Amino acid sequence: MIQPSSRLQADRLTLSYGGTEIVGGLSFEVPPGMITAVVGSNGCGKSTLLRGLARLLRPSAGAVLLDGKAIDRMPTREVARHLGLLPQAPSAPEGLTVGDLVARGRQPHQSWLRQWSPEDEDVVAQALCWTDMLDSADRRLEDLSGGQRQRAWISMALAQGTDLLLLDEPTTYLDLAHAVDVLDLVERLRDDHGRTVVMVLHDLNLAARYADVLVAMKDGRILAQGHPGDILTSELLFEVFGLSARLIEDPVSGRPLVVPLGGSRAARRPAPA
Amino acid sequence: MSAGPARAGPARPAVPGRNPLRIGPVSGVWHPRTAAVCAALLLVSAVLMCLGATRGDFPLPLTDVLRVLGGGGEELDRVVVLELRLPRAAAGALVGFALGMAGAITQAVARNPLASPDLLGISAGAGAGAVTLIVLGGAAGPLALLGVPAAALVGALGAALLVYLLAWRDGIDGLRLALIGLAIAGLGTSLTTYLLLRANLTEATQATVWLTGSLNGRAWDSVLPLAVVVLAVLAAAPVFGPRLAALQLGYDTARSLGRRVQLGMALLVAAAVVLAAGATAAAGPVAFVALAAPQIALRLLGRAAPPPVTAGLTGAALVLAADLLARTALPVELPVGIVTAALGAPYLIHLLVAANRRSNA
């Protein structure tokens with residue numbers, strides 16, 4: 001069997017905001033068919049990297065390559081047919097229904113005359129089925145729980161029909177049950193529907209639990225990348241987050257579980273796990 | 001991998017709330033409530049136009065108006081209805097439609113229910129243009145030949161262009177656009193006030209009437225240009241409709257849906273500016289319609305961000321009703337702008353209070 005190659009890559013990518021370099025000369029290949037979680041402390045450039053990969057930021061040097069082509073030289077619409085994005089804390093006008101939101105995911109495939117073809121309807125219904133939101137299609141977004149709302153937004157990105165999905169902190173503002181609900185959905189998208197997912201996550205334990213590949217960033221660079229069980233060490237946690245923690249085995253998944261030492265002991269180097 | 005979720009198995013369930021409307025390669029969605037609301041608004045507007053045509057120095061019974069509209073009637077009645085009353089009614093409907101539509105687009109682009117094309121400097125620019133002509137143009141100079149509507153149009157488009165250029169910094173942002181717009185509107189209003197202070201009594205009276213917004217004495221020649229503008233924007237609706245829908249979800253989402261944000265913003269702002277400037281050139285700045293019509297339409301439809309066409313129909317009914325009221329409420333005839341302002345000001349206060357309550361909740 002031929003090993004599938006990465007469709008999305010960062011090649012010596014440098015990203016800046018108003019002259020300030022946030023991500024510096026970073027190279028990275030998005031592993032196909034897997035869930036990649038990018039972690040790091042606030043301001044480490046993880047969201048900026050995701051925005052760069054999604055073509056929301058123009059590189060100040062280097063490039064993002066989609067199927068080998070520089071993404072910032074591709075038409076916006078063409079990119080939207082291959083790459084779906086869920087921005088951080090997206091907002092919709094008051095009163096918008098789930099169905100109308102998800103239908104907007106079809107925009108990259110539509111034309112002046114074609115606004116709701118049978119194929120559009122099929123794909124939107126399918127996306128809503130996958131996220132278990134079909135029965136809520138005519139409900140308003142503001143009447144939903146946080147978890148349902150996030151599933152609606154993910155449905156919109158799914159309706160774009162792209163193999164690649166970029167999710168910027170999809171679990172922010174969600175309580176643990178809803179966060180797990182959303183990440184279970186991400187897992188299903190990988191397993192049942194062959195999607196490649198890159199997401200920025202705040203919660204280290206959820207990242208370690210769900211990611212096939214964990215990318216730890218600091219100061220706009222990648223410090224470590226690999227399976228959570230291989231790369232997560234207390235030294236890495238201290239280096240990336242300045243966090244003193246012990247790692248134990250998650251009794252459910254067998255993945256590493258981060259237990260912060262906290263309190264007055266936080267300043268000391270932890271004992272090896 | 002497929003271009004979308006695989007199409008397998010039996011027929012997929014329809015998406016609730018999105019009824020397909022398909023003819024050949026053309027496809028869309030229709031909402032029964034939107035269709036019903038639009039039909040009702042059209043009917044109300046038609047009734048108001050007929051009622052409006054009965055009023056004036058030469059009152060006509062409704063039956064006579066209907067007879068004329070049916071192609072019959074006496075010669076005198078025909079002249080009164082077709083040459084005097086109908087242009088005024090048509091002007092009112094078109095002005096309301098254009099303002100309502102411009103308001104809906106502006107509110108969607110600015111993502112703010114309190115936004116209106118006035119935030120783009122339209123009214124202030126049009127006022128400055130019109131008053132400049134009235135006061136400095138004199139009775140016969142080359143400026144006077146331009147005509148007040150054309151001067152208003154030039155002022156409105158000039159102000160909007162200035163706002164857009166000054167707000168440009170690697171692109172346009174809704175909030176920055178509104179702030180620059182406020183500043184330019186202030187500048188235009190100051191210019192108008194300065195000119196009014198220099199004007200003689202006749203000019204000042206003429207200018208003040210224009211600045212209030214009036215449909216009085218509008219003939220077909222002031223209706224036609226606006227009708228062309230409205231039809232042109234309606235024809236372009238398939239171009240800007242989806243862009244509006246994408247931009248409502250925020251710039252990042254719009255771009256990830258394959259939309260070029262700056263191009264979309266430019267198209268939408270241009271559509272709103274042309275509509276509002278056309279309406280203002282035809283009737284003067286009729287206050288509050290652009291602000292209120294989309295919000296009323298929103299409540300009639302009970303769904304997000306009213307389609308600009310529904311907001312336009314709401315605006316048309318609103319202006320026609322206000323004009324009828326302006327001509328019947330008091331023994332003297334009032335300019336329509338006074339009525340819309342009198343009704344609109346309390347409504348704006350209500351919106352502000354409601355928005356304030358929501359943000360404190």
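Cβ from N, Cα, C; glycine included.
Annotated in TrEMBL:
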| type | residues | note |
| --- | --- | --- |
| TRANSMEM | B:35-54 | transmembrane segment |
| TRANSMEM | B:89-110 | transmembrane segment |
| TRANSMEM | B:119-140 | transmembrane segment |
| TRANSMEM | B:146-167 | transmembrane segment |
| TRANSMEM | B:179-199 | transmembrane segment |
| TRANSMEM | B:219-240 | transmembrane segment |
| TRANSMEM | B:261-279 | transmembrane segment |
| TRANSMEM | B:336-355 | transmembrane segment |
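Counting Cβ pairs under 8 Å to the transmembrane segment (B:261-279), the top-ranked stretch among B:35-54, B:89-110, B:119-140, B:146-167, B:219-240 is B:89-110.
Sequence-distant contacts of the transmembrane segment (B:179-199) (same chain, six or more residues past either end, CB-CB distance under 8 Å): 118-121, 123-125, 127-128, 131-132, 134-136, 155, 159, 162-163, 166-167, 207-208, 211. Long-range contacts of the transmembrane segment (B:336-355) within its own chain (CB-CB distance under 8 A, at least 6 residues past either end) are made by residues 92, 113-114, 212-215, 283-289, 291-292, 295, 318-319, 322-323, 325-326, 329. Within the chain carrying the transmembrane segment (B:35-54), a Cβ under 8 angstroms from the stretch's Cβ atoms is held by residues 60-62, 65-66, 69, 81, 85-86, 88-90, 92-93, 297, 300-301, 309-310, 313-314, 316-317, 320-321, 323-324, 327, all 6 or more beyond its ends. Here the transmembrane segment (B:89-110) sits against the transmembrane segment (B:219-240); at least 3 CB pairs are under 8 Å, leaving out pairs fewer than 6 apart in sequence. Only residues 6 or more beyond the boundaries of the transmembrane segment (B:146-167), in the same chain, are considered here, and those with a CB under 8 A from a CB of the stretch are 120-130, 132-134, 137, 173, 176-177, 179-181, 184-185, 188, 210, 222, 225, 266, 269, 273-274, 276-278, 280-282, 284.
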